[in-house]
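Here is what Swiss-Prot says about this protein:
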- 12-32: transmembrane segment (TRANSMEM)
- 62-82: transmembrane segment (TRANSMEM)
- 93-113: transmembrane segment (TRANSMEM)
- 117-137: transmembrane segment (TRANSMEM)
- 152-172: transmembrane segment (TRANSMEM)
- 189-209: transmembrane segment (TRANSMEM)
- 254-274: transmembrane segment (TRANSMEM)
- 282-304: transmembrane segment (TRANSMEM)
- 310-330: transmembrane segment (TRANSMEM)
- 351-371: transmembrane segment (TRANSMEM)
- 400-420: transmembrane segment (TRANSMEM)
- 434-454: transmembrane segment (TRANSMEM)
């Protein structure tokens, strides 16, 4: 029963914050309590994961692996809330932003708590609806509202694909439990696999299902982009792991479809990123490229490949959230835009922010000593061990191509002269510094000591 405590605490906390906000609509108070609720839930989830707790009743199947993912999502949520409160206040966004983040995390937590398609859909819808709202949280901002509507329209296709896939799944198996797959390779089951995969490919921004991503990421408040581009990805890839574990192996050659979509996404995201003049849109296409890396990792179901992919997803989430949060700090200065020209000589105006953003970009490239390097190396070795040389070679080529557009922004920050002589001062408070430093420490720490996290993932995924 203790395995349910993190979700119970979050649920009660959300209800409390909704009531409290009616009487005390203070960003500082609601933000602090939101941070506390999410952080406590995350710590408890990781504690129970390490203790091997399990709950397997009422269509739920909470084990050590799902508890680990819950813990990571809740802690990452708490970090983003902590780092975003000053941005919320500067942009006069809605106080509801805080518990919208908690609602998304709760939906994702429900989603990874079950191997039943009905429960997964319930969690998916709670998270998705809250994400649509989160994108449109900027007051009196047409672009934000337009981005939210586009995300709603295209994101709703996920529900349609998921529902169709579930219908075919019931027709093929007569139940909704993913773990009870024992059917022949019939057409209905193959279609179920295809539609379920497309549903989550759309959610993780994999090409050619990525069209909502650039507009949603650019139109959302930047701190909200930091959240929706990272925390949900952990939950969605966890479900893709379940599909890769139980459904895809039963369908002949389906792993090749996953791998090919991954290759398309990797090259499309990384190549189109070069054409972007906005740092925010560039990072949006970076997420599309990374979706390709992750899908290629899942395309070969072996312990090293899939555990490396989950490890990579987790550390990528911290690196990407950190990068977007640096952008949100810059955006608090009212005249700031994310055009590349504004990043010229950023190092002279704010050495800390320029250095932090450069380190996050190096982490996204995937070079040592950052934790993302370990994830990429593990995926590559997993592909080699599976004799998937075609995907392994393309994986390396895609990673090399991606380095260029990250380095382009770094060159602008450190080696380009400003476009104007206007030496705009950039504000930076203590909470900004602490928040960004926390993300940097995590990305560095698990790069130097990867086994601490990697061994837990490997053990929980295949023995939890």
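Positions of Cβ are set from backbone N, Cα and C atoms, glycine also.
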Contact yes or no, the transmembrane segment (400-420) and the transmembrane segment (282-304), 3+ Cβ pairs under 8 Å, gap 6+: yes
Within-chain partners of the transmembrane segment (93-113) [C-beta distance under 8 Å, separation at least 6 from its ends]: 6-7, 10-11, 13-14, 17-18, 21, 25-27, 30-31, 34, 37-38, 60-62, 66, 69-70, 73-74, 77, 80-81, 84-85, 119-120, 122-128, 130-131, 133-134, 137-139, 221, 224, 227-228, 231-232, 234-236, 238-239
Whether the transmembrane segment (62-82) meets the transmembrane segment (351-371): three or more C-beta pairs under 8 angstroms: no
Other parts of the chain folded back onto the transmembrane segment (12-32), taken as Cβ under 8 Å at six or more residues beyond its ends: 38, 41, 81-82, 84-85, 88-89, 95-96, 98-99, 102-103, 106
Listed stretch, out of 117-137, 282-304, 434-454, that has the most CB pairs under 8 angstroms to the transmembrane segment (351-371): 434-454
Chain residues in Cβ proximity to the transmembrane segment (117-137) (below 8 Å; excluding those fewer than six residues from its ends, i.e. six or more beyond): 59-60, 93-94, 96-97, 100-101, 103-111, 144-145, 147-149, 151-152, 155, 158-159, 162-163, 166, 169, 176-178, 196, 203, 216, 219-221, 224, 227-228, 232, 235, 239
